[in-house]
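Trainee: Pasting a structure here, questions to come.
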Amino acid sequence: MQAASLAFHPPALHTSPSYFSSKLPHHLNYSLFSHTPPTSTLSLTQTLSRKSICQPRAVGKYVREDYLVKKLSAKEIQELIKGERNVPLIIDFYATWCGPCILMAQELEMLAVEYENNALIVKVDTDDEYEFARDMQVRGLPTLYFISPDSSKDAIRTEGLIPIQMMRDIINNDL
């Protein structure tokens, strides 16, 4: 009697371009099974110009003396909130190690120039003022509070990086 020989042969992998990859632009048409890197249609000058756009513009420390948006303590912020104001107050809760906070700082500086006499923009370092940030229910960074000079209006709270146009809309329409 002869023993039956059982051999397992895995199915062959299909390496020809699939329907979906043939619909991709030719510089994105890349098979997972090929050993050649994808080709790019970008020229060297386009690649270099994209890199220069993405380079960080800020040099030096995060908070500088010449910034319009000033870093305040918890006590100073509480005095501003309770005090008499005729302009909206925007409070930025940030951390120096937070990438989105650094991007938001640049946008807030632009807003401070734009709304120089029409809004007061300040910032609080959550590492320095941990208890105050906790009391203000700051859970994610950056967190902004928009506080109207009219005490009958509720404060508006945002969390995360938001576009500068959204900040303008909140200042112009909701405060």
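For all residues, glycine too, the Cβ spot is worked out from N, Cα and C.
Sharing the feature lines straight out of Swiss-Prot:
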type     : residues     : note
TRANSIT  : 1-73         : transit peptide
DOMAIN   : 74-175       : domain 'Thioredoxin'
SITE     : Asp92        : site 'Deprotonates C-terminal active site Cys'
DISULFID : Cys98-Cys101 : disulfide bond
ACT_SITE : Cys98        : active site, nucleophile
SITE     : Gly99        : site 'Contributes to redox potential value'
SITE     : Pro100       : site 'Contributes to redox potential value'
ACT_SITE : Cys101       : active site, nucleophile
Trainee: Could you please provide the mean pLDDT value for the domain 'Thioredoxin' (74-175)?
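Mentor: PLDDT averaged over the stretch: 95.
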Trainee: Taking every protein chain shown into account, which of the recorded sites Gly99, Pro100 has the largest tally of Cβ atoms within 10 Å of its Cβ?
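Mentor: Ranked by Cβ atoms within 10 Å, first place goes to Pro100.
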Trainee: Work out the three-state DSSP category of Cys98 (disulfide bond).
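Mentor: The residue in question, Cys98 (disulfide bond), is coil (DSSP, three-state).
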Trainee: Select one residue from Cys98, Cys101: among these disulfide-bonded residues, choose the one with the most other Cβ atoms within 10 Å of its Cβ.
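Mentor: Output for this query is Cys101.
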Trainee: Work through the recorded positions one by one (Cys98, Gly99, Pro100, Cys101) and name whichever has its CA nearest to the CA of Asp92 (site 'Deprotonates C-terminal active site Cys').
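Mentor: Closest by Cα distance to Asp92 (site 'Deprotonates C-terminal active site Cys') among the recorded positions Cys98, Gly99, Pro100, Cys101: Cys101.
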Trainee: Tell me, how many other CB atoms lie within 10 A of the CB of Asp92 (site 'Deprotonates C-terminal active site Cys'), whichever protein chain they belong to?
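Mentor: A count of 21.
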Trainee: For the domain 'Thioredoxin' (74-175), jot down how many residues DSSP puts in helix, in strand and in coil.
Mentor: 42 helix, 21 strand, 39 coil
